[in-house]
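First up is the structure itself, then whatever we jot down about it.
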Amino acid sequence: MTLQWAAVATFLYAEIGLILIFCLPFIPPQRWQKIFSFSVWGKIATFWNKAFLTIIVLLIVLFLDAVREVRKYSSTHAIERSSASRPSAYEHTQMKLFRSQRNLYITGFSLFFWLVLRRLVTLITQLAKELSNKGVLKVQAENTNQAAKKFMEENERLKRLLKNHGKEEEHILEAENKKLAEDKEKLKTELKKASDGNVACMHKTLSKAQNDMTMMKMQSERLSKEYDRLLKEHSELQDRAGKGNKKGL
């Protein structure tokens, strides 16, 4: 084997070894991405395209030369002419035909694996980038879910507080209304007792009872207004809590 064909065969073996290494399952694409990001590859990248095209041109030239040699020694006319001149020429021609076919296969597979190697490196790099982007998106999705859960918990807590606050206000207003009803009944009882006494006392007691009744009505009106105001505030707090829930989602 001449020097050029020995170099092509060595190049073919190196390509096969690199392809096998790239196809190893226990080396993730992220590891290859880190290796490709070394500063040495950055310096080589400026000459990479030129070297790639130069090697393709050399392999194509050697491939065409091998095709020419195969066609030369595989023709029937050349074999018959060499065998007629010398008896051992047939074996010599077949030997040269075997070498030319071997060179054809070496250059053909070298050219094919060179293109496969370039494509394989590109796919590994793209896969590593996609996996990195997937990890970033996964982290962002987890953070978004945690924030949404936090907002939902805050919303539920706010709803419970508003509900408890409304119940307390309702209990207070009910107690005050009950007290007012008891005072009213008490005044009625006093008026009934006063009606059996002196007229003057009756008028005096009646005037006092009427004044008390007027004050109680005023107090009842104030309590009713206060109750309406608290109900309005309670409704506004519930509306704001519902809007906050929609924004959080």
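All residue numbers here begin at 1 and follow the chain in the order shown.
Heads up, the Cβ atoms here are built off N, Cα and C, so glycines get one too.
Per TrEMBL, compositional bias 'Basic and acidic residues' is recorded for 228-242.
Taken from TrEMBL, the feature domain 'BAP29/BAP31 transmembrane' applies to 1-131.
Taken from TrEMBL, the feature region 'Disordered' applies to 228-249.
According to TrEMBL, the transmembrane segment annotation covers 7-27 (among others). Using a Cβ-Cβ cut-off under 8 Å and counting only residues 6 or more beyond its ends in the same chain, the transmembrane segment (7-27) has close neighbours at 1, 59, 62, 103, 106-107, 109-110, 113-114, 116-117, 120-121, 124.
Sequence-distant neighbours of the transmembrane segment (47-67) (same chain, 6+ residues past either end, Cβ-Cβ under 8 Å): 4, 8, 100-101, 103-104, 106-108, 110-111, 114-115, 118. Summarising the annotation, TrEMBL assigns transmembrane segment to 47-67 (among others).
Annotation source TrEMBL lists transmembrane segment at 104-121 (among others). Taking Cβ pairs closer than 8 Å, the transmembrane segment (104-121) reaches residues 5, 8-9, 11-12, 15-16, 18-19, 22, 36, 52, 55-56, 59-60, 62-63, 66-67, 69-70 in its own chain, all 6 or more past its ends.
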